[in-house]
Amino acid sequence: MAENGDNEKMAALEAKICHQIEYYFGDFNLPRDKFLKEQIKLDEGWVPLEIMIKFNRLNRLTTDFNVIVEALSKSKAELMEISEDKTKIRRSPSKPLPEVTDEYKNDVKNRSVYIKGFPTDAALDDIKEWLEDKGQVLNIQMRRTLHKAFKGSIFAVFDSIESAKKFVETPGQKYKDTDLLILFKEDYFTKKNEERKQNKMEAKLRAKQEQEEKQKLAENAEMKSLEEKIGCLLKFSGDLDDQTCREDLHTLFSNHGEIKWIHFVRGAKEGIILFKEKAKEALDKAKEANNGNLQLRNKEVTWEVLEGDVEKEALKKIIEDQQESLNKWKSKGRRFKGKGKGNKAAQAGSAKGKVQFQGKKTKFDSDDERDENGASRAVKRAREETDKEPPSKQQKTENGAGDQ
């Protein structure tokens, strides 16, 4: 009985040895195995067993030349030849590698299968054992993350389209107690591309919805801002002196109301003042302080507290001007940021003191002029999606290609 058990163990070992060596020299692996391809060029295809036993998976099975030779001599595949001195092996010249044509690639693709649902700690041997009675599998590629962790899915190449189809169409397949997702490899990539397109569309829709929500919030904030400023606009007009400036207005109302913004340029005949509080109160106080005759540089002026739609439109324009001035200030700040003492632009800026904020019809604190400079914007280029199967990622292993 013990002898029968030993014989069974040896037969199982020999089968594994044959399977592993025939995989190394097989149609799928050999064209991709750079190291082995270099070896077979050295001696008419012969590779010393001394080299072969350095391949990790074969090494774990045996390093005994006699065991390897005995196993190959019993193989029904008749793929391998053994040298007369029994120290070298090679793929039989009578069974040349298939030419890698588009037709051949398409054939391999049609018998390639995607399987998902394995535990992430599953070993290749576990998966090979599970596939043993599912048809002849020529290659197993364990799909991994960038950090080499197993993703729980594989690509398996069957020996024929028929066996691959039979496997895919077998219902209710499980690995242990886990249901498996099984698809042809081509169908898997089609499904993934459809999912990517769907995700892209959903992302665009979410972005659009978020943008609309932001726009709505901005509009609500703008309306709230407008409501807070209702009654705070005072328009002035008349045959104003050409030298009339914002400082004149600040001086005129300095003790009667806090000015937040002046919409006016030197030489214009009208403008608008935005007060922090109600404009009528500031106007009444200023008139009272000037005996009812409120002038600018000894020129008669018509003063009008804006109301209704005219007021709202004027407020919107002022808010836009404020934002434009703020953006230009931020842009100029970025350009000057980090300038050294030797920089001419920095020296010029430091000589003038602080930067003044004034563009067309806009003003914060002074009447000095400044250049109008816009900020450049970077444009992101969208990545193009493809419906085609991406180039295969070669898994680096002990002998070059594949996981098997």
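Glycine too: its Cβ is placed from the backbone N, Cα and C atoms.
Remember, predicted model here, so these are calculated numbers, not experimental data.
The Cβ neighbour count for S92 (phosphoserine), using a 10 Å radius over every protein chain in view, is 13. The phosphoserine annotation in Swiss-Prot covers S92 (among others).
Under the heading phosphoserine, Swiss-Prot lists S94 (among others), citing similarity to another entry as support. Around S94 (phosphoserine), there are no C-beta neighbours below 8 angstroms that are at least 6 residues distant in the chain.
Here Swiss-Prot flags 111-187 as domain 'RRM', drawing on sequence analysis. Model confidence over the domain 'RRM' (111-187) is summarised by a mean pLDDT of 94.
Per Swiss-Prot, the feature N6-acetyllysine maps to K116 (among others). Using a 10 Å radius centred on the Cβ of K116 (N6-acetyllysine) and all shown protein chains, the other Cβ atoms total 17.
Secondary structure from DSSP puts T120 (phosphothreonine) in coil. Within 10 Å of the Cβ of T120 (phosphothreonine) there are 11 other Cβ atoms, across all protein chains. Per Swiss-Prot, the feature phosphothreonine maps to T120 (among others); the stated evidence is similarity to another entry.
Marked as N6-acetyllysine by Swiss-Prot on the basis of similarity to another entry: K128 (among others).
Positions annotated as phosphoserine by Swiss-Prot, on the basis of similarity to another entry: S225 (among others).
Annotation source Swiss-Prot lists domain 'xRRM' at 227-348.
What Swiss-Prot lists as N6-acetyllysine is K328 (among others). For the recorded site, K328 (N6-acetyllysine), the DSSP three-state label reads helix. K328 (N6-acetyllysine) has a Cβ environment of 21 other Cβ atoms inside 10 Å.
Summarising the annotation, Swiss-Prot assigns N6-acetyllysine to K341 (among others) and lists similarity to another entry as the type of evidence.
The compositional bias 'Low complexity' feature in Swiss-Prot is assigned to 343-354.
As annotated by Swiss-Prot, N6-acetyllysine applies to K360 (among others), with the evidence given as similarity to another entry.
Swiss-Prot lists T362 (among others) with the feature phosphothreonine.
The phosphoserine annotation in Swiss-Prot covers S366 (among others).
Swiss-Prot lists 381-391 with the feature compositional bias 'Basic and acidic residues'.
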Work out the three-state DSSP category of S92 (phosphoserine).
-> coil
For K128 (N6-acetyllysine), the number of neighbouring Cβ atoms whose distance to its own Cβ is within 10 Å equals 16
From the Cα of K128 (N6-acetyllysine) across to the Cα of K116 (N6-acetyllysine), what is the distance in angstrom?
-> 14
Would you kindly give the Cα-Cα distance separating T120 (phosphothreonine) and S92 (phosphoserine), rounded to the nearest Å?
-> 38
Mind checking how the domain 'xRRM' (227-348) divides into helix, strand and coil residues in DSSP?
-> 56 helix, 22 strand, 44 coil
Given K328 (N6-acetyllysine) and K128 (N6-acetyllysine), what distance in Å do their CA atoms have, once rounded to a whole number?
-> 66
